Amino acid sequence: MTILAIDIGGTKLAAALIGADGQIRDRRELPTPASQTPEALRDALSALVSPLQAHAQRVAIASTGIIRDGSLLALNPHNLGGLLHFPLVKTLEQLTNLPTIAINDAQAAAWAEYQALEGDITDMVFITVSTGVGGGVVSGGKLLTGPGGLAGHIGHTLADPHGPVCGCGRTGCVEAIASGRGIAAAAQGELAGADARTIFTRAGQGDEQAQQLIHRSARTLARLIADIKATTDCQCVVVGGSVGLAEGYLALVEMYLAQEPAAFHVDLLAAHYRHDAGLLGAALLAQGEKL
């Protein structure tokens, strides 16, 4: 069965055909509409999928935000603008006349990463550290999404009750500290206004403040991983995202995790897939997993 897989992100929309062999073909990409209106998103999705839909039997969507009853929600509604409650599944079914599923992009990526693992692994957690912090949980060989689509949103667990306010409305979330946005927001002095990429570059050049910001992020993530081990007893944690895969970052996380009691240690792995994990995971789910 060939799946028309779609990835909806904050800056880009991607689509591709993915067969039973897992090969990605005819990949297309468009910018996410800046206007954040339902009409603009529908038009962009139509342009994206129209050349591909005749070659597919199902549609699978991996999207930023929370997917509940086929519609788009978010922990921080302001991130979606006019797209809050956008009917993703219904829209794609109308555009393509194909059966459609939708899932959070980090949950989809977690499923792709799980399928790439070697050995007898039944329980794993995927964490993406990028602009935000997201994740997905596989338990007993099954992806956990939850009845409301919230499962795996581990970036919104508490890291510091006296920390910065997160976009979700809580104070001191992991995302508000460890993410690329969190790293940049904490920069002061000559680093004020710099993005995470610049801060990583400066850290590599020996800038003390930049190094401290990255260590703060890695330490926060290590504590989250210890909490995850305590709550899931997972066999491994896979780390991805632009921050998670930045040079030297995972080694720092491993160093701080080693400082936790041994019961909370767990194998850390770098993500196998990068940009297209959401596309592939959604397609794999559409080919055999009931959501």
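Just so it is clear, glycine is given a Cβ too, placed from its N, Cα and C backbone atoms.
Quick caveat, the model's predicted, so the values are computed rather than measured.
As given in Swiss-Prot:
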- 5-12, 132-139: ATP binding site (BINDING)
- His156, Cys166, Cys168, Cys173: Zn(2+) binding site (BINDING)
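Positions of Swiss-Prot features highlighted on the structure.
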| residue | record | Cβ within 10 Å |
| --- | --- | --- |
| Ala5 | ATP binding site | 30 |
| Asp7 | ATP binding site | 27 |
| Gly9 | ATP binding site | 16 |
| Gly132 | ATP binding site | 29 |
| Gly134 | ATP binding site | 26 |
| Gly136 | ATP binding site | 31 |
| Val138 | ATP binding site | 26 |
| Cys166 | Zn(2+) binding site | 25 |
| Cys168 | Zn(2+) binding site | 18 |
| Cys173 | Zn(2+) binding site | 29 |
What's the CA to CA span in angstrom from Gly134 (ATP binding site) over to Cys168 (Zn(2+) binding site)?
13
Enter the number of other CB atoms within 10 angstroms of the CB of His156 (Zn(2+) binding site).
21
Return the member of Thr11, Gly132, Val138 nearest to His156 (Zn(2+) binding site) in space, with distance defined Cα to Cα and candidates limited to these binding-site residues.
Gly132
Same chain, 6+ residues apart, C-beta under 8 Å of the C-beta of Thr11 (ATP binding site), given in sequence order:
Pro31, Thr32
Hey, how far is Cys173 (Zn(2+) binding site) from Gly132 (ATP binding site), Cα to Cα, in Å?
11
Setting His156, Cys166, Cys168, Cys173 aside, what same-chain residues sit with their Cβ within 8 Å of the center of the Cβ atoms that define the Zn(2+) site, listed in sequence order?
Leu75, Asn76, Gly155, Gly167, Gly169, Arg170, Val174, Glu175, Ala176
Where does Val138 (ATP binding site) sit by DSSP, helix, strand or coil?
strand
Please classify the secondary structure at Cys166 (Zn(2+) binding site) using three-state DSSP.
coil
Per DSSP, to which secondary structure element type does His156 (Zn(2+) binding site) belong, with helix, strand and coil as the options?
helix
